[in-house]
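Some notes on the structure that comes next.
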C-alpha cells in the first residue's frame with residue numbers, strides 16, 4: 001500500500017515529469033499564459049493519462065512489440081478525440097484558444113513515456129495510479145507557471161482582477177505598479193520553468209546534474 | 001511572392017521551437033552534441049516535407065466538411081474533421097516506418113546517419129504540430145503545404161543546431177549548481193526566443209505602416225465630413 005501511494009506522490013516532487021524526466025514540455029509552455037487554460041489542459045491530460053495507461057496495461061500482453069508505437073498512438077489519439085469533442089461541445093471558446101495544442105496531447109512525450117516505461121510492464125491498477133500521479137505532477141508545474149504568468153502579465157487570476165484596476169488606478173496600480181506584458185509572451189514561459197527547476201534543485205541538491 | 005513570404009515566416013517568425021514550443025522534448029534531449037543535433041534536424045526536415053503535403057491531401061479530399069463531394073453527391077454533407085487527429089498520426093507513423101524501410105534499402109549511408117532518429121520522430125510533436133497548424137492556418141495549395149513543411153523543418157533545424165552549439169560551449173562555464181544541465185538550457189532557449197521575436201516585424205513592417213496611413217486618411221475624411229455638416233448647419237440657420 002505504501003508503494004502504491006509513492007506512485008502518486010513521487011511525480012509531484014522528486015520525479016516530476018517536467019522538471020526531472022523532461023517529458024511533455026511542449027504543451028506545458030505553450031498554453032500557460034492563462035491559469036484557466038492550464039487547468040483545462042491538466043484535466044485533459046489527467047483523463048488521457050489515466051484511461052490510456054489502463055487500456056495499454058490491459059492489452060499489454062497481446063500487443064506485438066514491433067508495432068506497439070502505432071498501437072499506443074491509436075489509443076491516445078482516440079482518447080484525445082473524446083477530449084476534443086467534449087471541449088468543443090461544452091467550452092467552445094476555450095477549445096478555440098487551445099487550438100492545435102489539444103491535438104498535440106497525442107504526441108505529448110509524457111504519455112508515450114509512461115506507456116513505455118510503466119504501463120507495458122505493470123497491471124491496470126498500478127498503471128492507473130502511475131498515470132494519475134504523473135498527470136498531477138505535470139499539472140502542478142502547469143498551474144504554477146500559469147499562476148505566475150497570468151498574475152504578473154495581466155494582473156488577473158482566472159480572469160478576475162486581483163491586483164486592482166489598471167485603468168482606474170486602484171489597488172496596487174495606485175502606487176505605480178504596471179503589468180509586465182512580457183510575461184504573456186512565449187520566451188518568459190521558458191524562463192519561468194527554468195526558475196522553477198532552479199528552485200527545486202536548490203532545495204534538493206541530490207537532483208543536481210554534473211556537467 | 002506568397003511562397004517566399006511563407007518560407008521566411010515559418011523559419012523565423014513562427015519558428016516551431018521559439019514561437020510555438022513544438023518538439024521541445026527531443027530538442028532538449030538530443031541537443032547535447034552538434035553532430036547528433038544535425039542528424040535529428042535533417043530527419044525532421046525530411047519527414048515534415050513528406051507528411052505535411054500528405055496530410056494536406058487527406059484534409060482536403062477526405063476530412064474537411066464537404067471534402068468527400070468527389071465521391072458523389074450523397075457524400076457531400078459529411079464532415080469527418082473530428083477524425084483528423086487519428087488520421088494524421090496514423091499517416092505520420094506509417095510514413096516514418098516506410099521512409100525507414102526505403103532509406104535502408106536504397107541509401108545505407110543516409111540510413112546510418114538518419115536511422116536511429118527516425119523512430120524518435122514518430123512521436124515528435126513538431127511533426128504532428130506541423131500538420132495540425134497546416135490545418136488550422138488553412139494553407140491553400142499543395143505547393144504551399146510542401147513549402148510550409150520544409151521551411152518549418154528548417155526553422156526547427158536552426159534552433160536545435162544553435163542550442164547544441166551553445167551547450168557544447170557552456171560546459172566550460174561556471175554555471176550555478178542547481179541550474180546546470182536542464183535549467184540553464186531552458187533559460188538560454190528563453191533568451192534565444194526573445195532574440196527571434198525581433199524577426200517579428202520582418203514581413204509585416206511595411207503592411208502596418210500602410211494600414212496606419214489608411215486609418216489616418218479615414219479619420220481626416222471623417223473630419224472633413226463633420227466640417228461640411230457643420231457648415232451646412234450654419235448656412236441653414238443663416239437662411240432661416
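Using the three backbone atoms N, Cα and C, a Cβ is placed for every residue, glycine included.
Keep in mind that TrEMBL annotations are predicted by a computer and have not been checked by a curator.
Per TrEMBL, the feature transmembrane segment maps to A:39-59, A:71-92, A:98-115, A:127-148, A:181-199.
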Positions on the same chain near the transmembrane segment (A:181-199), where near means CB under 8 A and six or more residues out: 18-19, 25, 28-30, 32-33, 141, 144-145, 148-149, 152-154
Distant-in-sequence neighbours of the transmembrane segment (A:39-59), which means Cβ under 8 A and at least six residues beyond its ends: 24, 27, 31, 71-72, 75-76, 79-80, 83, 87, 91, 94, 98, 101-102, 105, 108, 110-111, 114-115, 118-120, 122-124, 126-128, 130-132, 134-136, 138-139, 142-143, 146
Same-chain residue ranges lying at least 6 outside the transmembrane segment (A:71-92) that approach it to Cβ under 8 Å: 40, 44, 47-48, 51-52, 55-56, 59, 63, 98, 102-103, 105-106, 111-112, 115-116
